[in-house]
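Here's what TrEMBL has on this protein:
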- His189: active site, proton acceptor (ACT_SITE)
- Gly11, Ala12, Ala13, Gly14, Gln15, Ile16, Ser17, Asn107, Gln114, Thr131, Gly132, Asn133: NAD(+) binding site (BINDING)
- Arg94, Arg100, Asn133, Arg164: substrate binding site (BINDING)
- 5-150: domain 'Lactate/malate dehydrogenase N-terminal' (DOMAIN)
- 160-325: domain 'Lactate/malate dehydrogenase C-terminal' (DOMAIN)
Amino acid sequence: MKTPVKIAVTGAAGQISYSLLFRLASGELLGPDQPMIFHLLETPQALALGALNGVVMELNDCAYPLLHKIVATDDPEVAFKDVDYAFLIGASPRKPGMERKDLLAINAQIFSVQGQALSKVASRDVKVLVTGNPANTNALIAISNAPDLRPENFSAMMMLDHKRATFQLADKCGVLSNDIKNIIIWGNHSAGQYPDLHHAKVKGQDALSLVEWDWFVDKFIPTVQQRGAVVIQAVGRSSAASAANAALNLMRNWVFGTDEGNWISMAVPSDGSYGIEKDLVYSFPVEIKNGEISIVQGLEISDFSREKMRKSEAELKEEREAVKHLL
Ligand code: NAD
Ligand code: LMR
């Protein structure tokens, strides 16, 4: 029997976590022979109301053989103690009419506290996936507050955008999502992100040779950019099951590596690739091997793409400026 790994999930009584925790416990992340211990973090209010306890009871009632123990707490230093994986989900979601950056004033502080706690007590190899919005800038805050971890320990979630884009292209071309490769989401998890098809393939053919340019510009890009807001309009709350699915899938890629010849989009600290300012948490196409993330190099960037990539970079700089007191 393998030694259990420790997985922290914040916002554990929230709706994304409710779609994530049961899938994690069933072994979907690490396989059927890897036991785990959950460290669930919530606010003192959620603990007092019994909301987290309800989730713990339901997890126990599944009698998952791989779930060896659950620690439920409102103390980040308890939640992150020695953890190998951390899903930072706990944060307020936006409401209809808001942009994700409007959440900075409410959520930013959470990520400075949690960055400090991770730095102090987590495993030095911890993989931290920030989902709480605005995810890129929250990840930047966490990194800045975690001097004893490497920036590479952190990423922000763009996998939902990547999957949204994959579905839109597959649907348009009448193929399955597995037939699509090398989509890129550049930049920020916001309406300013740039979903790029210049390098995408559909069953090995160039995507842009199969779809009209007008569809790409006027339909595909805005649909992917606005999908989160459209879901909120439709159901009155932000995406949950699809977000949990993306978080699980991203972490699996991080642990086991990306498929040969098919990169993923991941917001990581920029190393200056493609002229993007160093250290901004910006989404690039990445490949992962043995847990090491590398930004795909040498892609040709058209003037059209360059302008959109710069715009998203500028938005991230603005967000950074708004939280500079926390960096
Ligand atoms: P939710 O309101 O259902 O759950 C959030 C939970 O976080 C609540 O239970 C709350 O008590 C808890 N929480 C708040 N502050 C906390 C703290 N300091 N420590 C621990 N827990 C805390 O929200 P949700 O729908 O689960 O969404 C969570 C976040 O994820 C939101 O910010 C949302 O915008 C974001 N999100 C991001 C993506 C993405 O692709 N990056 C996708 C969907 C949602
Ligand atoms: C999403 O993309 O669905 C999430 O970021 C939630 C939101 O506010 O759009």
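Positions of Cβ are set from backbone N, Cα and C atoms, glycine also.
Here the features listed in TrEMBL are painted onto the structure.
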residue : record                       : CB count, 10 Å
Gly11   : NAD(+) binding site          : 26
Ala13   : NAD(+) binding site          : 24
Gln15   : NAD(+) binding site          : 17
Ser17   : NAD(+) binding site          : 27
Arg94   : substrate binding site       : 19
Arg100  : substrate binding site       : 24
Gln114  : NAD(+) binding site          : 30
Gly132  : NAD(+) binding site          : 27
Asn133  : substrate binding site       : 27
His189  : active site, proton acceptor : 29
Key: Residues Gly11, Ala12, Ala13, Gly14, Gln15, Ile16, Ser17, Asn107, Gln114, Thr131, Gly132, Asn133 [recorded NAD(+) binders]: greatest CA to CA distance in Å   = 20
Message = Using a 6 Å cut-off on Cβ distance, which of the binding-site residues Ala13, Arg94, Gly132, Asn133 come close to any atom of ligand 2?
response = Arg94, Asn133
Message = What whole-number Å value do you get for the CA-CA distance of Arg94 (substrate binding site) and Ala13 (NAD(+) binding site)?
response = 17
Query = How big is the Cα-to-Cα gap, in Å, between Ser17 (NAD(+) binding site) and Asn133 (substrate binding site)?
reply = 15
Request  = Between Gln15 (NAD(+) binding site) and Arg100 (substrate binding site), find the distance joining the two CA atoms and give it rounded to the nearest Å.
outcome  = 17
Remark   = Grouping DSSP H, G, I as helix and E, B as strand, the residues of the domain 'Lactate/malate dehydrogenase N-terminal' (5-150) number 63 helix, 27 strand, 56 coil
Message = Among all protein chains shown, how many Cβ atoms are found within 10 Å of the Cβ of Arg164 (substrate binding site), not counting that one?
response = 23
Ask   = Out of the recorded positions listed (Gly11, Gln114, His189), which are within 10 Å of Asn133 (substrate binding site), Cα to Cα?
value = His189
Remark   = Near Arg100 (substrate binding site) (Cα-Cα within 10 Å), the recorded positions in question, chosen from Gly11, Ala13, Gln114, His189, are His189
